[in-house]
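Below is one structure, written out as structure tokens; the observations come after it.
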Amino acid sequence: MAVGLGPLSTLHPVPGFELGIASAGIKRPGRKDVVVMRCAEGSSVAGVFTLNAFCAAPVTLAKQRFLGEVRYLLTNTGNANAGTGEAGLAAAAQTCAKLAELAGVAETSVLPYSTGVIGEPLPVAKIEAALPAALADLAEDRWAEAAAGIMTTDTLPKGASRQFVHDGVTVTVTGISKGAGMIKPNMATMLGYIATDAKVAQGVLQDLLRDAANKSFNRITIDGDTSTNDCCMLIATGRAALPEVTQASGALFAALKQAVLEVSMELAQAIVRDGEGATKFVTVQVNGGATHQECLDVGYAVAHSPLIKTALFASDPNWGRILAAVGRAGVANLDVSKIDVFLGDVCIASRGGRAASYTEEQGAAVMAQAEIGIRIELGRGTCSETIWTTDLSHEYVKINAEYRT
């Protein structure tokens, strides 16, 4: 059950960006599993992609094409088209070619995305058969339906939207994401699509997305597995009656950057809240590092520890497991006598051992909550990083043991 994640809030339409949904029956008959997105002519597009060496065929194709003119994004669920070799690349290209033919655009202006089971051939004929219905469904107000259409093991659709006013003009930023397992992005299975009607030069848009992703999608982890199919795209349609953003400065850029970051963080945290089998939403904050990287190393050592994650599931304040994870994070010359560890606001460990004021009852009270904070003070410098993760439950094992059945 998703932790603190309710129904979708209002997802504002983005002028110049349309979405259409259809059923191809890839994994289950009747399921809406194909989503087509249409970008207005002249849109600029940015993308960040998985660093997994076995990246999926659609990722390879999208990376090759997104810097050119982009008119359509084609997403299917139920099949990842990963681990499929040259045949997978040909299949992805074939579905793009069919959509391009139906829409009357260049084949290279169609970007493919897939999510689902790895290693199975893409059912090209089923996807092609669903394309006319998806095109007929295109509309600017279909964000919620598209959010549901890209789900796999997700239990709830994920979306976020922000608006701000600049010089009397309303600018919209809206996005959707999917993912619940195989989540440890490095830009899981994670897909994210964000659109704005601001007009933004491609280079500025790319930097804006990369910065937002590094503070959101690249700071979440459920199981430590980086997917073959991770992608996050940011589309700027330019339909808002404002000057083009051509550099990373000025009031319009600052407002847009904040809106994109807020949408990205909400989408990323929604993925964690809906983590497979998750019963806890956990914020791991590491402060006082000499570098940002060592803060991340410590944070991920804690967030990825099966012993800590199972203790979280059991609501067991086993603070020794946290100390052990910090100690094996690989931080050079770590002085444990300077480290303090907190569960919520409760200091559980200080100067290398149990805090003098700590009681088991205090720790148990924090661990019983659905949302838990673990704060680690390294006492080495001024750098900080935050990571969001989950516990590890019986249900996670069950979901993944039965995934292909």
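Even glycines carry a Cβ here, placed using N, Cα and C.
Look at Swiss-Prot and you will find THR189 tagged as active site, nucleophile, backed by sequence analysis. The substrate binding site annotation in Swiss-Prot covers THR152, LYS178, THR189, GLU276, ASN400, THR405 and is backed by sequence analysis.
The binding-site residues considered are THR152, LYS178, GLU276; of these, THR152 has the fewest other C-beta atoms within 10 angstroms of its C-beta.
Secondary structure at GLU276 (substrate binding site), taken from DSSP and collapsed to helix, strand or coil, is coil. Annotation note: LYS178 (substrate binding site) sits in a strand segment as assigned by DSSP.
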